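Asker: Structure in structure tokens, see below.
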Amino acid sequence: ALSEKPEDFQIRLKVICGRQLAGSNIKPVVTVKAGKTQTKITRIRKGSAPIWNEFTVNNSRNMRSDGLIGTFKLDVGSIYNQPEHAYVKKWLLLTDPDDNSNSTQGYLKITICVLGAGDQPPDETEDIAEEDDVDGNLLTPAGASMRSAYFTLRVYGAEDLPQKSLVDPYLKFKFAGKKVKTKVLLKTNHPEWNEELSLSLKFPSMCDTVQLILIDWDRIGADDIIGTVTIPLSRISSTGDGKSGGVLSMRYIYYSTYNSPGFLPTFGPSYINFYGSPREFSETGDVLEDLNKGDGCAYRGRAMVELVTTMDEEGVEPPPPTQPIADEQVAVMQKHLRRRRYRLVVGFESASLMRKPLEKIEFEVSMGNNGNKFDTEIFAPFSVTHHGNSVFDGVHYHYMPWASEKPITIVTSHWEDISSRLYAMNFILKICDQVRDKMNQLKVNVENKSDPIDIAAEIVSILDILILETSKKLPNPHGKSSNQLDRKIYHQRKGTLLTICQEAKELRQNCTEANEAIEAISKMLYRLTVITVDKPQNSLPDVVIWMISDDKRVAYARIPAYDVLYSPDKQEFCGRFCSEPQTVTLKYPTTNVRSKKQYKVPAQVRLIAWLGRAVDQDHFKFNSNGQISVFAETFEAEVKIPLVGWSSKGYTDISGELPLPKDAFSCPTDWKWEEDWKIDSIHLQGHDVTQGHKSVLEDAYEYEKRSSDMTWAMDKLTSGRHGDVAKLSDLKIPKGWEWDNEWKVDTNRACDEDGWEYRIEETIVNSAWSTMEKTYHTSRRRRLIRHRVCVDEKMFKKAETKNFLKIKILLLDITEGWEYATTMGGQFHNIPRMLDLVRRRRWVRRMVTTGTKQSAAIFNLDASIVTETTDVETKEVVSILEADDKPGQLPEKEKVQQKKLKKKKIKKKKSGLSDIFGVSSLATDTLKPKSSSKIPPKIYMVYEKVHHLHLRAYIYQGRDLQPMDQDSFSDSKVIVSFLSQTLKTEVYKHSLNPTWDQTLMMDMKYYGDFEHWNRNCPNISIELYDQDYMGSLVFMGRTIAKPVLKFHPEEKKTTKLEWFNLKKNNQNVGSLLSAFEVILKQDDREMPLPPPLKPNTDIPMVPCGIRPVLQRTAVEILVWGVREMKSLDNPSVMIQIGEVELRTKVMKNFKHNPNFEEPVYYIEANLPVEDLYFPPIVIRVKDHRKFGSRPTVGQHIITDNIKYRLEPTQKEGFLSKLPSFSSEKVSTLVAILWIFSFKKIRDEEIDWWSRFYASSGDTGLCGNYLETGLDLIKIYKDELEKQEDFNYFSDFVQKFRLFRGKVDEDEEREFAGEFKGSFRIYKVPEDLREERPPRCFTNVPPSHAVEVRVRIYVVRAMDLAPKDSNGLADPYIKIKVNKKRIVDRENYVPNTLYPTFGRMFELDLKLPMEKDLHVEVFDWDLIGSDEKIGETVIDLEDRYLSKYKAWCGLPQTYCNSGHCQWRDQMKPKEWLEQKCREQCWDDPVWNGNTCVMVAGKTYKLEDYERGKKPCENWGPADERLALYVLRSFPHVSEHVETRPLFYDGLPNIEQGRLQMWVDMFPKEFGDPGLPYNIEPRKPSKNKSFEKCFSHLRYFLRMIVWNCTDIPMMDVSILGDKMTDIYLKGWLSGLEGKQQKTDVHYRSLDGSGNFNWRFVFPFDYLPQERMVHVSKKRHLWSLDKTVTKFPPVLNIQVWDNDLFGPNEYISEIVLPLTHAPKCCKFNKTCTLENVPDEQGNCRMDMVNLFEQNSQIKGWWPLYRMVDGVKEQAGKLEMSVEILTSEEEEEKPSGQGRDEPNMHPKLEKPNRPATSFAWFSSPFKSLYYIIWRKYKWFIIGGLVALLFAAFLVMFLYSFPNAILYCWIKIHLQL
């Protein structure tokens, strides 16, 4: 439990990865916020940072403007309450807080924990949460909109599952971490589940794929995965919005339910194919089992499934996870199970590029499991080629010696008819291929700058193809086998084609720009490509080609079935390679993505394939002139009987088990015998391993036996093939060969020091040779070796031409075709040995097609022969059974027959079934013979005619190759392979841009059809290798090329060199300039002349006409120096351009001056004229060290050297390629300035900042500067060195980055330093006697060190990255040059991201040693170290050396004084004379002070100053004119550049921008002028500021005299209207210092008398016309923050109330710089005297700061009523603004306080009625009651007395009467 006391906790966060982040071309950066602190992570993967409550994902490309991608808030307490106080590997759903829909912006995977004292972090290696459980590991924010849905997967069954025995399969369905599986069916490879699997999900989901996994259940151990299929939801759903072909990510699918064209994920019913590792089982386990988890190399089976998506609705119960499929649904699915018989024919033309000398090579063709030679359950007699051995090509590779007999394979299979799906895909793919080929050619023409008319014609032809092809009818899904997804995709494709057709038509009519058309066509091509993505409903398995060696699978290739599919309807629907030759590159099966097998090529196969239904098999043809033939084979076997010899065993099959006599064979329909039986000499098991090699190692063995006296005696001498010889001289070598050395003992093997190895008697079984002699050893041997080499090239070529047959014929003559072995099941060899007991030879008979079917007759080979016998001696009866070609026949019948046959007990001696060629059929398969002992009959395409070809490969040069050696270079050679032949170039050492200039030539024989070449010519494989010091080759890159075919003498085709991009692992690794041509040799054709040889060698060069045209070229090289190179002693530079090489002198004092003493070099050489062929410029820096070591420490390769090539018209000194400058560039502001009526501006209103703001367009802060007519400065939006007008300061020297070391994969090259120099390349006359053009590099400045004084002006910064917790920063400047530092920490600017520095720093530097100026911006911190915000680096040397005079910017006019005063060392006239000397011009010729002639052109002063008003600060006329002339040339003018700031911790992410400029003054020219004062405008009493800005403290005195016509706000108790008036006033921004008048009580007529003075002191900057208010933002703030406000006086009239709040009456707002004049008389004061909303005003406007006396008068007061101004009184007041000095001279107090003077204010003469009733009660009675109601009071008193008298009278009258009456009576 947590303590109630505060505790410390640590929060750890690990950001693992992101997915589906919104946006394109983004670089996400994770920002973690904890309260007011934050941390940034520059990359998502494997990043960690402490956090608190919130983090966000931003786009680093625009971090501070609209860069937010998504956010997620997390409560720390919720984390601590989790198990182990952590969320481990959880996905976070990111949302945009500004998005009202709360839509998903992406997902982020994190691990986060909160650790207290004693807590341990969680172990991420534990399976706390399964990684792929997305929904279970997804944390969603409150309010995220998600909707429930259900996936229903109907799993009907599966087939073709691999098995060693029967498997126990089940299928698992996974989505977003959730999974459900079917039941396990035991012991079946054809399961039928008929189950529905349901998974719930929520849209939008971050998971955009569903996964189906077939698994074999195991009782013990883990289950085995059979295969895995991942279906992207984007391929089975659509949003309907038309983006990317309408197929988008899963996260958007939810919204498609409201868009009719869109549809939810749907699939099937359809079969889905599984691929993985090969189907063969091994006792040692499957090393490729990981392939079963993805897309593998072999077919593993398939399953019939159907996917349905339903949205969750209220009141509907969710489906159960599993349930049986309804019988009705199963019945409906049956229509999708109809099968058709398919025929696949693959013909192999060649197999080459084999790296190893493999034996028993055969190629297997399979489709599904049909054709798998290792599956005994499959009858596939024609799916494998005849095995043979590879032959060395004499250079590098091996190939198959097929010669005139090309093997053909046939595979028959049964699949569903999905023609409509695949026809549509083929139709669109062919359109894409046509457009893509045309586009590639178009881009080449554009790059080569072809004729615009030709380019336009190409574009029109492409658009015509698009219009024509997209307007054709698309195959409509028809029949009962189509499903909902088929129909949806059809409508989607149809709409896309219609849209593209319309767009192409519009583009053809309206487009005028080639680039615009190319971009539009590329987008159309992309949309076509999107809708042809391989759909998951392609239930036809891929065609898999396997290369098998010695019954082991070596390499494979997968060909999509639709690519070779035949369509009887239209040619457009056929596959792209149906009956067309194609080159297929095989791949090694591997699970390691980083293995070298990923880019190694095990073999390359050229083949022709055809796939079609059996009903269309009559249309099969290869379009070839070869003859399809089949060779029947039988083996004549003999057994060796002691004392008798060889005894015949008869004719058998290859296993020797079944008898197969010659008369047992007969021809099927449409076939005939071509010739009689003969011994096969071609396909013998052995071969000559030395064939193709020009150097061969021969060996022999010398045997000795131990005698009885324990001495060794000679026993025998054998050859390397273990044949006995009498003596070594009897070993003969072929003609044309010679021995290279004498026989010697081979001790480089397992032997003793004399080469002997020992063993017991030879007859003892398993007796092995030993390297140590023992007493029981009775025999020993040693190996003798001797090299022979080929010396007669013609004899070698002749042997190569005869090729494999010569050796076989020789063997046939010696052995009569026999092969020998110890047993019939053993390994056969050609040379007989002593222990051989059996032998055999192969008899073959050729069978060819006849009749009308021709090629289609190949399918009749499905017939078989049945032999029935009762015992071994029974005569065989042979009959022919024709194949069943009925369409629609299901394979279930065959499977039932197989099962029945397996149940029968057939004895081998009593019965046997074999086909006509000796291959076991269904019955013999039940005996399960060894697959390796069965060789099925083979089909060949036999070519009778041989074509003699001549190949020429022109290898000229390479470019941008990768360094493979430690010296940063490569020793490269090129290997060219074509068909079965290989050639190689010489090794070019120590270069990354080798120039081989070599022609490779070879003659070859080709058996085949040239018509195929016209459609798809064989590729030429070009590989680049690096040869290391041991002689081994290291692969560098590969490319392919198409040769120019020259088959007809009348064709005039030209061969042209082209650049081919070399690739390795799909990455560009350089380019190769080469060309290739194939010439057909004919008797009536003259062959081209052989190329000339290189001098003193026998290597042919690239001939003229193909090689680049060379021209005499001059190369001027400026070798200025090297920079930033460490550990360098005495460097020199070597420049290489093609074969031209230049070495500079050695620099002796690098540390004191890294420049070369002699920087200019000139050479002439023959170089290519065309830019395409111009060789790169190689710069190498070598270090001359002790003991003669000269390593290469850095190099740079310039491939784009066009910018250095000059035309003769461009050569003018070294001012080549100057940008065009106008004689006078006048900005728009200056043009406006000239039409102003100039007037006198006060000095205090103008400063440098006024000039800066006026130049930047900020007229609000520049004051009246524009009215003065003074100069402006240029404001650049980026760095000065990036301005194109100044040629990036590379006019004299350029910087070239140097690298060193070899390139490793996934690593960048090591930076070594910089080279500074330049080049000029131009043509010169061929005749050396002709005059050479003038040199470019003349008047080069001296290369010694230069001392300069540098002034760095830092103006301001913008958009800085925040560093403090309040989101702001306290920036300051730090200057750094080498070890020199200037830290301006005390002048930091607090609490801002937009600081105004206004600082100037001065340094004395020495160039080039101190050339890099670092301007850094730091964040000031009170506690702890300051943080670096960013820095910018300026190369001062480039600016100093540039001809654009970047030392000190030129002003617009020459002034001796003032704000635009000249500050350079030399005056304009001196600079002009210096300019003329640099350009080799004559000195300026002056004609008075107002006219000068420079370089033959006359300049007049009046032409520049016409329309300008003279300025009192102007200098002499001649100096002004000289400046104007200088500005007519390209020079840097006065400027401020804006430089980005970068930080090493956040590379390539801008941290803000800095406005600044740099002035440099070489000390040799004297002292510079006074610097500009750019200190910020600050209202301060600092003396340094008062010198420039006086009277910054101002006082506003306002006296309120009277007011009238104030509305009455109160009503007295007696009903009188009145108001208690008072006024209050303040300046905007100083609301806290407002002042009030006293109260004029009881104003009965709206008038008020005050005589009250307001005094407002304020800080005012006349230049900006702004009031500066400096105050702290918070109580705890350390520094005050300055805020600017316009000077506005606010006066309001209020009604004072004793009880309740005071009431606002009216107001007036007076801008002090633009106030309306007052009225002298009360009567004329109306609302027209103040500006309305449009600014209309009857009175003139005045600037109170410019008034020398008080302004006194009447101003109207107003209030807003229903949005309209209404006059509410008039105010009489006087206003004046005083400076601080005037205030001291004429002091005044506030109100009527002392000192009450200037003027003295008397008490207001207010009416007697003006008083406060609570303070004067008697006055209140007198003035309020008596004065108004006195007569009423008197009358009342009289009436009251009268009433009292009357009452008294009435009261006393009866008594008086009674008294009188009594008295009278008494008297009576």
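Each residue, glycine too, has its Cβ placed from N, Cα and C.
Residues annotated as domain 'C2' in TrEMBL: 130-248, 931-1060, 1096-1215, 1329-1449, 1577-1725. The region 'Disordered' annotation in TrEMBL covers 1780-1801. For 1791-1801, the entry in TrEMBL reads compositional bias 'Basic and acidic residues'. If you look up TrEMBL, you'll see 1831-1853 marked as transmembrane segment.
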Asker: For the domain 'C2' (1096-1215), would you mind checking the mean pLDDT of the predicted model?
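Answerer: That stretch averages a pLDDT of 85.
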Asker: Work out, from DSSP, the number of helix, strand and coil residues along the compositional bias 'Basic and acidic residues' (1791-1801).
Answerer: 0 helix, 1 strand, 10 coil
Asker: DSSP helix, strand and coil counts for the domain 'C2' (1329-1449)?
Answerer: 9 helix, 53 strand, 59 coil
Asker: Tell me the residue counts in helix, strand and coil for the domain 'C2' (931-1060), as DSSP assigns them.
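Answerer: In the domain 'C2' (931-1060), the DSSP-based counts are 9 helix, 70 strand, 51 coil.
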Asker: What counts of helix, strand and coil residues does DSSP assign across the domain 'C2' (1577-1725)?
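Answerer: Looking at the domain 'C2' (1577-1725) with DSSP, the answer is 7 helix, 78 strand, 64 coil.
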Asker: Just to be sure I understand, if DSSP states are collapsed into helix, strand and coil, how many residues of the domain 'C2' (1096-1215) fall in each?
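Answerer: Each residue of the domain 'C2' (1096-1215) counted once, the result is 12 helix, 52 strand, 56 coil.
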